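Look at TrEMBL and you will find A:55-106 tagged as domain 'NADH-Ubiquinone oxidoreductase (complex I) chain 5 N-terminal'. As annotated by TrEMBL, domain 'NADH:quinone oxidoreductase/Mrp antiporter transmembrane' applies to A:122-416. Annotated domain 'MrpA C-terminal/MbhD' per TrEMBL: A:625-690, in sequence order. For A:701-783, the entry in TrEMBL reads domain 'MrpA C-terminal/MbhE'. Per TrEMBL, the feature transmembrane segment maps to A:28-44, A:72-93, A:105-122, A:160-181, A:238-260, A:293-317, A:329-355, A:459-480, A:584-601, A:667-688, A:700-721, A:761-779 (among others).
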Amino acid sequence: MQLWMIFLPVIAALFMPLLFKKIKLHTGWFVLIVPVVLVSYYASKIGDRATYASWTWVADLQLKIDSSLDGLGLLFSILITGIGALVVLYSIFYLDKTKEQLHNFYMYLLLFMTAMLGVVQSDNVMSLYLFWELTSISSFLLIGYWFTRDASRFGALKSMMITVFGGLLMLGGFLILANITGTMSISEMLLHTTEIKESPYFTLAAILVLLGALTKSAQFPFYIWLPDAMEAPTPVSAYLHSATMVKAGIYLVARFTPIFAYSTTWIWLIVILGLITLFWGSFFATKQRDLKGILAFSTVSQLGMIMSMLGVAAMSYHVDGNAENVFKYAGFAALFHLINHATFKGALFMIAGIIDHETGTRDIRKLGGLMSLMPISFTVAMITSLSMAGLPPFNGFLSKELFFTTMLSAQDFSWSTVAVLIPVVAWLASVFTFVYCLYFVTGIFFGKRHELPKKPHEAPIGMLISPLVLASFVVVLFFIPNVVTDALIKPAVLAIQPNQFLTVGDIDIHISMWHGFNTELLMTIGVVVVGFGLFMTVKHWRKVYSLVPEWFSLNQLYRRMMRLADEDMTKVSKRYMTGSIRTYFIYMFAAIVIIVVSTLFMKDGYAFDTAHASDIGAFDIALVVVLVLGTLTVLFARTRLTAIIALGVVGYSVAMFFVLFNAPDLALTQLSIETVSVALFLLAFYHLPKLSRHEARLPFRLGNFVIALAVGVMVTLMALASQSQKLLPSISEYYKETVYKEAGGGNIVNVILVDYRGFDTLFEITVLAIAGMAIFGMIKLRRKKGADKNEIK
Amino acid sequence: MRINDVILRTVVRFVVFIILTLAIYLFFAGHYSPGGGFIGGLVIASAFVLLYVTFDIEKVKKGIPVDFKKVAALGVFLAVGTGFGSVLFGVDFLTQAAKKFHIPLLGEKELGTVMLFELGVALTVVGVVMTIIVSIAEGDGD
């Protein structure tokens, strides 16, 4: 049941083309059933013990598809299916059945839903990775949904490149963990934390897994894909790129905290990168002109915030006793803000989509004064923006206070005074968050009304249902936070900080709306005052953004790297892939010489010993002289005819060597074969075209000379070394003894050829036959001039 | 004007048979003294080449109505066949067997499956060499 629930969306996806083509009703209504069923199923599990279901895929490799519904998995599953239901409902009114290929859209979306449920419920690292890449692929398909637009394809490719890069590194981290512990199961890995801690690869594994999380969750410096992913349809942006997929990285960090929290590298990387992302995203959100651009940078910033809180949660693994209480809030706060962010950011994206749909533009400079025309959208946008800014009476306020608590406590862990900067940066980032929240709302709804591509009016009610539901959550969560936290968050905290809490009952955190006048409240008041001041003077300091030159940005770095991988690498390839066989021969011969000669001397394999050498007779010397003279003639011949005849001389003198060294069979064969090949050479020479019959010496090329000399020296060295150290007696004694007794023959060469090793001969004659057929084919089956180019007739 | 090559033609008529006899000798002697299928095949081919050089192609084709491609194929087939033949008798692929026979006029002689294998080699060599030379000779230089 539990496993079937994961695969329910992808099974439903199979019916989409049929539903789209055969039934007139908007396909989304059928899709809606799936997340509604799922969310009610997962809601019914609230309060239960963690349940586990597993299906073994490849038993020998420990590959399993698991579903482990503990607190953390359940929290994310409810988030995915709940927001999924709202997004599907919204998309029914957003996408027009007559204009869009809806079956594609919903198939991708349902595929994504399965992938995401698989990620958050997998207990097995391999199935986690499988589903992880499935989210990358379905996200790629959804971003490129309007594939006729260049920007969509660019955004899809960029997100694919970055998230798959991280995913592959994460796989490396998983494999290291599996290698250390001998298990693929995450829950079993938790039992081996001491082994993991002591492994020399511990930090490497932590960094690799973290890279997967950072790329997926759009953290600094990998956030650059998220703004470009805004080319997707708005329901996709609302679902994937604000509420669910970008939180997969958060999930991963939370899930692996009990394993990696012992590494301080892990902690500081998360905290510092989270804070940089938080500040960077909020600072650059105000620069954006596009509504979805603002929201994308805002998402980046908020994810950084959650990430940094998870980093602080990991600090609790390094302290004992009372000091642990300081970090008690961190994991809790992170998950609480995760839920809050999903609610308000989902709604904000839907509002941005409504504005786009009803006015025809998303450019904030063209918008303005829509308050009286779109009152409901305005209300929703106002509520959710203020929640994002962290003001009461909305849920963002509560999580922002908890965030400040967390960041202040991080100082207590510090080993240096630099840690004082942590709350300062957090506070500054909150100020900018406040600024862009105001910028977003006032830019759309206040001020003067401009000329718009469409005549603006309030959106249809169906489109407003989902943002209204989310906005009501924003308010409700402020007033009754503890109901939600008790049901969902506390069981999930157990997964992050099992060192502090054993059961849900141990977590004695109670959120109160009013917690007295303390540092956190003062910080919030400061945020409002300073943020308001900055917002009023935005025109004066906006120039700051243009201080950074255009070429000095991460996007440019990405482009540069893509160009490096594509154009520059092509240039490099063209530099050495010249297409000239001469060049390739130089590479091959140089490689052979370098490998052989260096091995010969590095392994001390060279020896020179004349003990077994035979005497040299006068015939030998005479033949060698002929051979060398023949060879030199081939090299220095002025005409090709001379070279061919000199080659014949070389061949015949080799035959004479065979005679001299008692090899009559070889001599006979060599003589006849040399005759045939010289005849063939002459034939080829005769048919040379008149124009290219260069009657000139081979030109001298230094490179060729050096390579040829090196190859000659190498072969000589090899021959001398192997002649000088024969370690084993020759096998030929056996042949001598048995050639008559067992094989019934006298000619040892021939008996070896046809009896002892007839197998070789069999294939040599086959080679000969194939060569003959090939020559026949080349000559006889030539295409006639002017004949049809198509060979098959 | 045609060149009168009557001397060449007359000499070739005798010499071809001498070459063929030598080839058959080399072929059969291979197991005990230098020679064998490969060289035997080459020498047979050279006898045919001599015929082609002396007489024109059409005439030789009429005299020796053989498709040399099929000869090459037959050769490979024979060689593989002797290999599989031994498998039929339950021994390893290409195991050669021999037996002494009493042949009238020649006396006690040993005959073996090696001869069949050698025959395959020789036929392949003849077929391939002739295929190459005939097809190059017939291919009009263009």
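Glycine is no exception: its Cβ is also placed from the backbone N, Cα and C atoms.
Automatic, uncurated: that is what TrEMBL annotation is.
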_Tertiary contacts of the transmembrane segment (A:293-317) (same chain, 6+ residues out, Cβ under 8 Å)_ = 217-220, 223, 226-227, 229-230, 237, 241-242, 246-247, 249-250, 253-254, 257, 260-262, 266-271, 273-282, 284-286, 324, 327-328, 330-331, 333-334, 337-338, 341, 345, 348-349, 352, 364, 388, 403, 406-407, 409-410, 413, 426, 429, 432-433, 436, 439-440, 496-497, 499-500
_Contact between the transmembrane segment (A:105-122) and the transmembrane segment (A:28-44) (3 or more Cβ pairs under 8 Å, separation 6+)_ = yes
*Six or more residues out from either end of the transmembrane segment (A:700-721), which same-chain residues have a Cβ under 8 Å from its Cβ atoms?*
582, 585-586, 589-590, 592-593, 596-597, 600, 605-608
_Across the domain 'NADH-Ubiquinone oxidoreductase (complex I) chain 5 N-terminal' (A:55-106), what are the DSSP residue counts per state (helix, strand, coil)?_
32 helix, 11 strand, 9 coil
*Can you tell me how the residues of the domain 'MrpA C-terminal/MbhD' (A:625-690) break down into helix, strand and coil by DSSP?*
56 helix, 0 strand, 10 coil
